[in-house]
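Summarising the annotation, TrEMBL assigns FMN binding site to 83-88, 135-138, 170-179, D205. Sequence annotations record features per position, and here TrEMBL assigns NADP(+) binding site to R295, T502, S563, R564, K569, I570, Y571, V572, Q573, D606. Annotation comment: TrEMBL describes R422, Y423, Y424, S425, C440, A441, V442, Y446, G456, V457, A458, T459, W644 as FAD binding site. The feature domain 'Flavodoxin-like' is assigned by TrEMBL to 77-221. Annotation source TrEMBL lists domain 'FAD-binding FR-type' at 276-488. According to TrEMBL, the feature transmembrane segment maps to 20-40.
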Amino acid sequence: MEDSESQLPSDQDQTPEPLLSSLDIFLFSLVAGLLIYWFFFRKKPEPVLDIKPFHAVPPPITESSFIEKMKKTNRNIVVFYGSQTGTAEEFANRLAKDAHRYGMKGMAADPEEYDMSELSRLKEIPNSMAVFCMATYGEGDPTDNAQEFYDWMQGADDDLEGVNFAVFGLGNKTYEHYNAMGKYTDKKLAELGGKRVFDLGLGDDDSNLEEDFISWKEQFWPAVCEFFGVEATGEDSSIRQFELVVHNDINMNQVYTGEMGRLKSFQTQKPPFDSKNPFLSPVTVNRKLNKGGNRHLMHIELDITDSKIRYDAGDHVAVYPTNDAAVVNRIGERLGIDLDTVISLKNLDEECNKKHPFPCPTTYRTALTHYLDVNNTPRTNALYQSWVLDSERNILAILEDLPSLNPPIDHLCELLPRLQARYYSIASSSKVYATSIHICAVVIEYTTKTGRVFKGVATNWLKNKEVTDNGHKHTVPMYVRRSQFRLPFKPSNPIIMIGPGTGIAPFMGFIQERAWQKEQGKDVGETILFFGCRHKNEDFLYQEELEKFEREGVLTQLSVAFSRDQEHKIYVQHLLKKNKEQLWKLIHLNNAHIYVCGDARNMARDVHAAFYEIAEEVGGLTHTQAVDYFKKLMTKGRYSQDVWS
């Protein structure tokens, strides 16, 4: 997956070494030098006249030809992005901007907005090339906006001879299909006859995606210069992409207050609901699931009555969180600005599709609350690995720890990444709960190396959506993202579910649906769950419900690993090996489907290894044969994963 909310590391109660006075100048020169370049330095533009409101849902595209647009605007480099969380889009914009330094003119483009079959026409533009920043979503899938492009590539037999290209992929090594979309795009374009100007770049979000991108980019541009026989112009591209517009006299009905697309869409809700038009779903249930321990695991129910939203067990619900008001206020106080000033940021490139970095006009407060990610560490040069990344300093922490820095707030708003939707596996079945969607999540909260308490934006925001008796219902902007994580078409197929911790979520929906199928008189196959938690008396999630399903015969087997209830730790993979003969029979002879949900970095890999061992020990396969066996099950859709890093 391209980006995700940070995984919860073990709590740290260490305090940082004090910053010695002799290092003041060094810190200022090191951190301020590069950090200001990335975030803060600019000439303050004069406020200009009011402009028309932003439209996040673009007007109908009359020009679906990126070739004609490039010709009209004298561009010779187009950078397409497949982006789910905004990172690939940001990289594409940076590459398009960089082209200026080499006497070229670039534009970033969303493949969803153009006819990609026109790629073969790129050769009509002299010294042209197409660059692709392609993120991989989930288990090797394209991002939503690159789905049509992916479908086109799969069936394309176009002649791309004379078309120059390069690809940078964004992925995560903890996933089985690492950078699948970047690799496929690079391979397919070459197969169609395209000329690869520079080697495929692979960014790993499990390590340092920004560092990978910068390393690739620093070699990419010299290769482009050599290929086209050009030299750097010596002109640095403008640091600013947007100019500030201050609205001193504006009708507040024209001002965005947190909507993702249509102005006033939160006041007047109209289906269909999607990423640009989320549904404000009332929270009807918000309860703590665990009975003890220092964590907070929660079950939340969202009401979708009259929304016309449909979902299947295994789908994801996307929610748009808001930042902590206290953090936003502290940023405003630290920079000494009036957060309620109404502003717009207007693209300096009038031909660019992206007129604003977020819905405008709006206030600084709304931008910092709804549209900008102020909680995560800024993306910076690798020199900041220790001071920024390892110490997990977000923008407020940087401002607090470097009091000499006073960036213009509008430049900060331009350069901070967008606050993205968070995806959760739906913990219910629409066959049983047609008008509600259930979420199971753990609240992220821990202490960083600087002694600050880090709080996950979405989980803490959800935790505070309490259900009250005063008639007021908290709402959550949400929509449903379809998934390939699906129950077998035939209810009679056995299913083996492995989901420790909050990985139980989609399986609650699966089990509910198998119970419903049984009530309908259908022949329902064996339904087996391997669940894992720390302590039976603390965090055995949904214990009462699961034991009831077991008593009723819906769950034919409930195996739970309590990792810390004994001296040696027991995890779900140990239980798999303990049931090896039974599992191999179900998989090899009875067409069982396997489902894994939870942590990709450790659990999913350990489960993989356990299944390989079972195939070797019980099935008599070699290790190579075992790996190939389960790869084929994945291809057939009989081994599915819904994992995160």
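In case you wondered, yes, glycine gets a Cβ from its N, Cα and C as well.
Values in this document were obtained by computation on a predicted structure and should not be read as measured data.
Candidate binding-site residues: Y175, R295, Y571. Nearest to W644 (FAD binding site) by Cα distance: Y175. Note on proximity: among R422, A458, K569, the binding-site residues of the record, the Cα nearest A135 (FMN binding site) is that of R422. The shortest Cα-Cα distance between K569 (NADP(+) binding site) and any of the binding-site residues G86, C440, V442, A458 is the one to V442.
Here the candidates are the binding-site residues S83, G138, S563. The one whose C-alpha lies nearest to that of Y424 (FAD binding site) is G138. With R295, T502, S563, R564, K569, I570, Y571, V572, Q573, D606 listed as the residues that bind NADP(+), the site has a largest C-alpha separation of 24 Å. The C-beta environment of Q573 (NADP(+) binding site), restricted to residues of the same chain at least 6 apart in sequence and closer than 8 Å, consists of M603, D606, V607, A609, A610. Per Cα geometry, R422 is the residue among the binding-site residues R295, R422, V442, G456, A458 nearest to G138 (FMN binding site). V442 (FAD binding site) sits 7 Å from R295 (NADP(+) binding site), taking the C-alpha atoms as the reference points.
Ranking the binding-site residues R295, R422, K569 by the number of CB atoms within 10 A of their own CB puts R422 at the top.
Set side by side, the binding-site residues G86, G456 differ in how many other CB atoms lie within 10 angstroms of their CB, and the most is found at G456.
With a cut-off of 8 Å between CB atoms and residues at least 6 apart in sequence, the same chain places T136, G171, N172, L202, D204 near Y178 (FMN binding site), listed in sequence order. Note on the domain 'Flavodoxin-like' (77-221): DSSP counts are 65 helix, 35 strand, 45 coil. The predicted model assigns the domain 'FAD-binding FR-type' (276-488) a mean pLDDT of 93.
Note: the Cα of Y571 (NADP(+) binding site) and the Cα of C440 (FAD binding site) are spaced 20 Å from each other.
For G456 (FAD binding site), the spatially nearest entry among the binding-site residues S83, G86, Y175, S563 is G86, judged by CA separation. Distance between Cα atoms for A458 (FAD binding site) and R295 (NADP(+) binding site): 15 Å, as a whole number.
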